[in-house]
């Protein structure tokens, strides 16, 4: 009986002989690209694609074997693959996409990619032009949120993992708050784009424990309610940051903003030592340890630990799509979906196959294309059992049995 590796090679040959595939299927790359394709097929395998549970389990075993290749990998190498995958999983979504594009082959390589990004965004020479300062500052703070205080004992490992899982879920695009607004900018570099949904916000007003000198206290007392209302109505921004020139309508927001430049994080979690520049961020972070989910959807009962998570979830019920494409008018539920859609107009193809070099606008296109190299054909004809890599090819084939003209 042929070994699994031989079966894998035979499967590739079969795909290459299939007339459906074009000439790109004859290109073979390094092991990592094929390994990544097998990993994705294993992780995204659907139960509905098999006749029953026994077939599903058998198919999962086969896909897992193709991914981990125990016949050629040691136990340590297999463990490293699993740890690497989990590390990428706990990263915030947009940062995860950025790291995956670098195709790290180990956990250390993945960490190096994240650290390089942190360093580049923290260097003054890599900041955006003056009109983009506000967004670049937020990005810098976002990267700082990814740093976890190192502890020598294994006891601290689980809280940190839980914390990173939570932050990957609750961080999102920095929106208008307390008189400060960040304008949309479609010209941001890709390194900034990947982090644009990672700023942590809450419903409640920000509460600060700020040590203010006597001069500032006197100034606050002299500010009348009418002056504040006038500033809000006219959009006047009287409080200017001396570091980057960004202006704010409220002095309290300016003080908080200045922590981006100073790196001050006065609010520290007593559980894991993670520090934050905002008290509200600390309060929401604590829920990663307690498991508390106070924000519940009235429609379906689903609960969330962060208010912004509930806000985005509600759009599923209301049908709200606040992010609209300025070119064609198509609207989207999430800003990340809008960014991906806009590549259709710009022609940008950021998802590239490591096997043959072919590029795609969307990640879904790349995932489907990977089946060319792995030989995966998950769609089976119920009439003749012929297999296909695409659902559209299966539907086209089924017309042969129905007599319908293709």
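Numbering starts at 1 and runs along the chain as it is shown here.
Backbone N, Cα and C define each Cβ position, glycine as well.
Record features (Swiss-Prot):
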type	residues	note
CROSSLNK	14	SUMO2 cross-link
DOMAIN	39-121	domain 'SCAN box'
CROSSLNK	149	SUMO2 cross-link
CROSSLNK	191	SUMO2 cross-link
CROSSLNK	205	SUMO2 cross-link
CROSSLNK	215	SUMO2 cross-link
ZN_FING	239-261	zinc finger
CROSSLNK	250	SUMO2 cross-link
ZN_FING	267-289	zinc finger
ZN_FING	295-317	zinc finger
ZN_FING	323-345	zinc finger
ZN_FING	351-373	zinc finger
CROSSLNK	358	SUMO2 cross-link
ZN_FING	379-401	zinc finger
* C-alpha spacing of residue 250 (SUMO2 cross-link) relative to residue 358 (SUMO2 cross-link), in angstrom -> 50
* Structure fact -> Its Cβ having more other Cβ atoms within 10 Å than any other among the recorded sites 250, 358, the winner is 250
* Under a three-state reduction of DSSP output, how is residue 250 (SUMO2 cross-link) classified: helix, strand, or coil? -> coil
* Asked: Of the residues in the domain 'SCAN box' (39-121), how many are helix, strand and coil by DSSP?
  -> 64 helix, 0 strand, 19 coil
